[in-house]
């Protein structure tokens, strides 16, 4: 009995070591399972540079009141009569059908000609994009137009380096497989060839000449709407592009183009005429009944 009593602390110690080992081993396995998601549960990788607090709460403004603009100065904004052009029913039908026909020809074109494009045309399509509605009319967009050969090539280098990582590591097998039929990869030759690159930045908040910040409500939605109008303006001008969302390239491109910290890259559009040998996938659009619900 005395021997058993003397051995009891030893048994307890050994038992504690075994339990501790088993617990630690189970934690290690659980950690590995979390770090390596299966193909079934993997989700498309998200651009972390765009993950910011775009909606400023009242509490945030109260805590940092001195840093933010007082909007009471704009309360007496004058209002003016609005009288748009009105068309007859037949004119409305004709204009809407012709515009649809024009836009239905729009395609994502990755084969772009180096043929020069008049700068005035680019000015006009950017000006048109700037007519988009925005939260509280903050117009939270910046369109950086690049035509310099060296800068375009540096942009290509940055994007291709990150895109190769995206395709091989971040995007996941399902995303990569879904893109195979479109024959896309991380090589972006059009970034060198296109006469212009338009980089669209959203302004997470505004910065006034006084240094104070201005709240930009729904800035990403507002800038996305302006991108849609920009695509329509390019199509109307007879130009082509392909919508490019260079994941994880925002900080490097922002630095290259010397943009402030409040601007986040949302989209990049190479712009020009289609190459003479340009090809696009033979895709069909959804029928009206598949995209519209009438209540």
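The first residue you see is number 1, and the count goes up from there.
The backbone N, Cα and C atoms fix where each Cβ goes, and this holds for glycine too.
Of the given residue ranges 3-23, 24-44, Swiss-Prot assigns the label transmembrane segment to 3-23. In this structure, the binding-site residues under consideration are 108, 244, and the one with the smallest number of other Cβ atoms within 10 Å of its Cβ is 108. Between the binding-site residues 106, 110, 285, the minimum number of other C-beta atoms within 10 Å of a residue's C-beta occurs at 285. Around residue 188 (3-iodo-L-tyrosine binding site), the same-chain residues at least 6 positions away in sequence with a Cβ under 8 Å from its Cβ are 156, 159, 160, 163, 244.
Across the structure, residue 106 (FMN binding site) and residue 136 (3-iodo-L-tyrosine binding site) place their CA atoms 31 angstrom apart. For residue 136 (3-iodo-L-tyrosine binding site), the nearest of the binding-site residues 108, 110, 285 in terms of C-alpha separation is 108.
Counted within 10 Å of its Cβ, the other Cβ atoms near residue 135 (FMN binding site) come to 17, all protein chains included.
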